[in-house]
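Data first, discussion second: the structure below is written as structure tokens.
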Amino acid sequence: MKVLAAVDLGASSGRVIAARVHDGRLDLSEVSRFPNRSVAVRGRLYWDVLGLWASVLDGLRPLGDAAAIGVDSWAVDYGLIDAAGHLIGNPVCYRDARNAPARDRLLAGTDPADLFARTGIQHQPFNTVFQLAAEDPSRLAAAERLLLVPDLLGYWLTGTMACEATNASTTGLVDLATGTWDADLCRAAGVDPALLGSITPTGTVLGGLLPEVAAATGLTSGTRVVATASHDTAAAVAAVPYEGDGAAYISCGTWSLVGVERDTPVTTGAALEAGFTNERGTDGSIRFLRNVAGLWLLNESLAAWRRDGLDIDLAALLEDAAAAPRLRSVVDPDDPRFAEPGDMPGRIRAYCDETGQPVPQSPAQVAACVLDSLALAHRRAIDALEALTGEAVQTIHIVGGGANNTPLCQWTADATGRTVLAGPDEATALGNALVQAQALGLIAPGPAARRAAAAASARPRRHTPQGSTRPWEDAASRLQTLPVGSN
Ligand code: LFR
């Protein structure tokens, strides 16, 4: 039986998952898991990418053997490589504060609606295009090549530099019409398109492992490295176990990515206004989706409580949050004040206080506020999705770690009045491995075969809506009229 290794790097943890392919389905098992976090030094927020690399090598060792490896991670962030092939400094984390002013500068010189029509990408401050505009000129001058995080690891595994297509689309530098770099935009961001290399089709076999990697992992040079759907969200969407038409997905982890798969982009002014984006999916599809600030708010709250010496058990916290009154106070999870790491419970309290709502005190009350607010934000995004595409959403698949958050899944069903199908929780690893299986010919090519294999590999849990959506509608209108300050 062939074993495929999915290396999935998230903002708060990384993992190596083994996928065994048999009878048209993939069985996943976790091989290793390691922590990840951004690190602040002298006012700049970085990723410890060498620490991650070491954890990946250690994490691959228990496999013993693998037919292939694919790496995915969060989007937009990159390492710069010098002429000798070495990394120039640590990749900067997308939550660093340098990006917003650079975005405003770059957008001031262009028509934002025109730019959206050209790339299909929402103007998030952290898009690579804006990060490059904020980049230190001396680092750029020394750089021969830019590699997005999964491509950087792919280079270290194989010696081959690639720029995988799903993740390339998140840079905000790809021309939607041609699927290649928008040279004018690259220059506006201060780089030559050559820095980015050419775009590698999803599923390309990059090559075998370098001898030093084989030695460090105990694998052989026969293990192929595949440029899988290297944007974690693209991989998760590739593994949605659809049961029929009219389904939306929420890829729920650090972020909640709420969207649908389409053949064509939506680049109207209304889509821009509503915060939607058109990213590339596996097989060239469009992931039309909105970034909602997901479980980040809860994870950062847990981290803040840990710093205060409170060791909180997540399962117990979720039970207590479920027992707390619903919709007592709500926040907009996308408010910029929640974007950077820090004292999340304090910021949530300040938001509630400023807006004249009851201020959540205990961890359970804060968690209830966050989860109610996320369910409400899911509702808002699903409503917008229907309005923008003109297509009804009948069911919602929640995939990713958030599929294990039972209250959030149930309240999303309650708030939207739609059935929620929860799982798989390791959708990203499953999608990553499905693309590898297709690249190796273990599964037939194309989206239909991949979806059939995804559905055969998953057993989603069903949450049917309980009660009326009325309290959620009321809370949504209340949220819209809250007098939110800038901080
Ligand atoms: C989710 C994700 C989102 C992307 C954000 C930043 O992990 O990849 O899709 O917008 O992280 O990279």
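Cβ atoms are placed via backbone N, Cα and C, with glycine included.
Pulled from TrEMBL, these are the features on record:
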COMPBIAS  478-487  compositional bias 'Polar residues'
DOMAIN    5-236  domain 'Carbohydrate kinase FGGY N-terminal'
DOMAIN    248-439  domain 'Carbohydrate kinase FGGY C-terminal'
REGION    453-487  region 'Disordered'
Distant-in-sequence neighbours of the region 'Disordered' (453-487), which means Cβ under 8 A and at least six residues beyond its ends: 23-28, 238-243, 326-327, 330, 332, 335, 337, 351, 354-357, 372, 375-376, 379-380, 397, 403, 409-410, 412-424, 427, 430-431, 434, 437, 443
Tally of DSSP helical, extended and coil residues in the region 'Disordered' (453-487): 17 helix, 3 strand, 15 coil
Local confidence of the prediction over the domain 'Carbohydrate kinase FGGY C-terminal' (248-439), expressed as mean pLDDT: 97
